[in-house]
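Feature list (source: TrEMBL):
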type	residues	note
COMPBIAS	1-12	compositional bias 'Pro residues'
DOMAIN	145-251	domain 'BRCT'
REGION	1-45	region 'Disordered'
REGION	50-69	region 'Disordered'
Amino acid sequence: MPPPKPTLPPVAAPSIAPFDPWNSSSTGHQRAETRGPLGWRGSRNAKVNAQFRAGPSGGPRISDTTGPNAADYDPALGGLVSHEVRARATNSVVDMLRNPGTMLPPSATPSVPEEEAGLTAEERLMLSRKREDEAAKERKQERKQERKIFDGLVIYINGSTYPLVGDLRLKQLLAENGARTSLHLGRRQVTHVILGRPGTVGAGAGGGLAAGKLEREIRRVGGYGIKYVGVEWVLESIKAGKRLPEARFVNLKIAPSRQKSVLGVFSRVESAKAEGSAKETWYGASSTR
């Protein structure tokens, strides 16, 4: 009888905890699905931001703005053809001669309402101005109601936000509060860059910027107005209900090593003043005793 085969040793247990950055497929290396210009970036940004604003349902389906998957794409011509051009192409020269004006767009001037039929020219002018003022007030109120914390901001996420918040949840929070996320660092539109915690011994998540990128940012004088902040800025701003100053949440120093921070100087001055006033209060209270 042959000797029994030796049993395999057990698999070694991992010595460290598993790392899950919770990154979505919309981050990392982006590759165009279609040939042509770089319009696929804007199309993908619009679709992703609409999905994040819609929440778990994802919202209605949105077609591409470029490529064969676009709603106005014509496979015969191999390009985009708008709906107006298609409608005009259905009319032949004979139709234009028989029915003059078919190629013109519909008139945008509204017909005279019945309530203005018996009014003079001055009264009509006053009524139209009154309507314009009311419409302007309504638009102003709507803008006040729809005003959100991060309106007008375009944010690019560079690195992992572990362990404070997941990647998908962070993008949902940004979209719900008025911000737009960008899939690439476009310097003409990106206003803020969220950096992960710089990797150090025993801490960090591999964020920050590499040495080459940091050198280029210094040469660009701070990145042409782009603000580099940590994810704490987003979370604390949402918690406070307003947009907080970015200087408190900067986790990357772009200035040279010997250059001091303006925020640090003023914060030290304020703390010194607070300590001095506290000492004066204490000495005054002790002298009265």
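Just so it is clear, glycine is given a Cβ too, placed from its N, Cα and C backbone atoms.
Remember, TrEMBL labels are computer predictions, not curated facts.
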For the compositional bias 'Pro residues' (1-12), the number of residues DSSP places in helix, strand and coil | 0 helix, 0 strand, 12 coil
What mean pLDDT does the predicted model reach across the domain 'BRCT' (145-251)?
-> 77
